[in-house]
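Asker: Annotation comment: TrEMBL describes A:7-27, A:39-59, A:65-89, A:96-116, A:147-169, A:190-215, A:221-243, A:250-267, A:279-300 as transmembrane segment.
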Amino acid sequence: MSVVLEQIFQVGFLAAIIRIATPLAFATLGEMFSERAGVLNLGIEGIMLLSAMTGFTATNLSGSLWLGVLAAVVTGALMGALHALFTVALGLSQHVCGIGVTLFSSGLAYFLYRLIFGQQSVPPSIKSFETLPIPVLSDIPVLGPAVFNQFSLVYMAILAVPLAAFVLYRTPWGLSVRMVGENPRAADSAGVGVIATRFQAVILGGALMGLAGAFLSMAQFNAFTFGLVSGRGWVAIALVVFGRWDPWRSAGAALLFAFVDALQLRMQASGLGHIPYEAFLMLPFIFTIVAMAVMSRNAVAPSALLKPFRREER
Amino acid sequence: MFRLEARTNTPAWFNLALPLLAIGAALVLCSGLIALAGAGVIEAYGVMFSASLGDSYAITETLVRATPMIFTGLAVAVAFRAKFWNIGAEGQLLAGAVASCAVGAIPMPGPLAILLMAVAGAAAGAAVALVPATLRVKFRVDDVVSSLLLNSVIFYALMALIEGPWKDSFSGYPISPPIEDSANFPVLLEGTRLHLGVVAAFLAAPVIWFLVMRTTLGFRIRIIGENPEAARYGGIHVERVLISTALLSGALAGLAGVGEVGGVHFQVMSDISPGYGYSGIVVAMLARLNPLGVVPAALFLAAVMTGAEAMSRATGVPAFLSDVIQGTALLAMLVALLFTAYRIRRVGTAK
């Protein structure tokens, strides 16, 4: 036990938690915006993968990391728009459309990647993001090197959380999002464009999922691999429930998951050799399922989640 | 001006027309990708067709490929009827494969082995599906998320087995030991891979159709999906029916794994399923959740998958095209289903 405690308070361990939490935070915030407006986006897993691919490819071809990030964000927003087209404009089943978007995006990601790069013996790579220490702050003992000596995308994720909370709770648009997710009929009567607001929220959500994908292929790894996302999108959906559809709590949930994930990585490495490493890989997923079982009884989803809005229907 | 109008009933030919429309739309949309890859669209689809349906051997290969997707398609169709969102057919398939492989490795007479493999595989799949169903009934956990997360758990469990106790000590590859020769499913046509499981899949479809459409359990499954309040009011124990649905759905997905072990691979490896569980969702939706429709829908996807590999070899278009076609077909089918709820009417110019 003391070994475990010792590990936890190491700088490297804290830094690993922050790094693992970053893509999850982006993805969780993205899914949260979408769901707060009443739209479940199961396309998240595929959107992250496709964005990771376009971001990686744009960087590989142009040499510019930020152009890659832009490509990933635009990809995410476009796929969000596609999901909104099906679920908001046409009012189709959010569950099945989301699966459709994931299957379509994943297939497209693999197809285009193979088309652009072919089958190379050495997989193509990019010069990925490098850590960017923040002056003064990075000198704080323990916390400094762990939190303030990170990729610029990590800082963006840290800033994204209060920003998301501000937008959701303190701006007119955020109020509209919450209204169309809770009571679209009332929002409509109050003059809020339900369809437009939902579109915007799902597109914003997609863009955030795109950032998550960009982080995976351009900061955490410097390549696009076939198992790159490996369930992180599904985890984000669970974290939204666990975080009770609130930006702060969702970010907290992402940190908690990242803690479990970082812990299992350490346990794998720390020579608990008689336990198969897959048991550790399973751990974050089992943890998430159990956490949902504990939390779901009290979790109150946005009332209009999964319900399409058609003005003429009463 | 055109207006959407609610439709109360749909003609029977829609069941055939809508999937065909969706498939046609998917093939047309994906032809853009073929052109992007610099190949001839007609040529590429031509190779795809002849390699999957062009001669009798190709047809048997497509039938073999369709078999697991008939089972997962049935699993999803049954579950979705009850609005039990079982996205976990992939994990249930893997569990079925592992369980049947374990049983098949025990020496015993062939017919007994095959029977016990099927029982073990179905039970394993059902046990896995029981988890999201129980979590939903007891803890109100969203079944979509829990069944998706469970897929990862089952996959890692399988990896732990084939990289651990089941690892091939001779080659060092992460592949389970083969099942006994006597447990290999009999081949029905000399020189092909057409195995007993293919017949079982084709028989399962009408059996499940009868169960869903003509039995009390099937009625209950449909009613809790369509109107749970009415079902409860009518004295139906909704939670119990949901659990039964999950067990049935999981067992069917487990059988998909049994067929792959007993009839195709004779052992378990990490890529025993190229996503047959997820394809089952596409199959079920194309079939409009009708168990009989699952068979042609699975055959279509199987033909695309088998054909895509040949197409890739002949034209250089990446075989991942089949994944894009699957996703596009699912989305196109959802749009096509709008025609069942609405009809487009021409009306006078508004205002």
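Glycine residues also receive a Cβ, built from the backbone N, Cα and C atoms like all the rest.
TrEMBL: automatically predicted annotations, no manual curation.
Not measured: the values here are computed from a predicted model.
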Asker: In the same chain, which residue numbers or ranges, 6 or more beyond the ends of the transmembrane segment (A:250-267), come under 8 angstroms Cβ to Cβ?
Answerer: 4, 7-8, 13, 16-21, 24-25, 28-29, 32, 161, 235-236, 239-240, 242-244, 280-281, 283-284, 287-288, 291
Asker: Determine which recorded stretch among A:7-27, A:96-116, A:147-169, A:221-243, A:279-300 has the most C-beta pairs below 8 angstroms with the transmembrane segment (A:190-215).
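Answerer: Against the transmembrane segment (A:190-215), the leading stretch is A:7-27.
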Asker: Is the count of Cβ pairs under 8 Å between the transmembrane segment (A:39-59) and the transmembrane segment (A:147-169), pairs 6 or more apart in sequence, 3 or more?
Answerer: no
Asker: Counting CB pairs under 8 Å, which listed stretch among A:7-27, A:147-169, A:221-243 touches the transmembrane segment (A:96-116) the most?
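Answerer: It is A:221-243 that shares the most Cβ pairs under 8 Å with the transmembrane segment (A:96-116).
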Asker: Mind checking which residues reach the transmembrane segment (A:221-243)? Cβ under 8 Å, same chain, six or more beyond either end.
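Answerer: Contacts with the transmembrane segment (A:221-243): 23-24, 27-28, 30-32, 35, 40, 42, 44-49, 52-53, 56-57, 102, 110, 113, 123-128, 209, 212-213, 249-254, 256-257, 284-285, 288-289, 291-292, 295-296, 299, 301.
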Asker: What else in the chain is close to the transmembrane segment (A:7-27), if you only count residues 6 or more beyond its ends and a Cβ gap under 8 Å?
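Answerer: Answer is 44, 48, 142-143, 145-147, 149-151, 153-154, 157, 160-161, 208-209, 211-213, 215-216, 219-220, 232-233, 235-236, 239, 250-251, 254-255, 257-259, 261-263, 265-266, 270.
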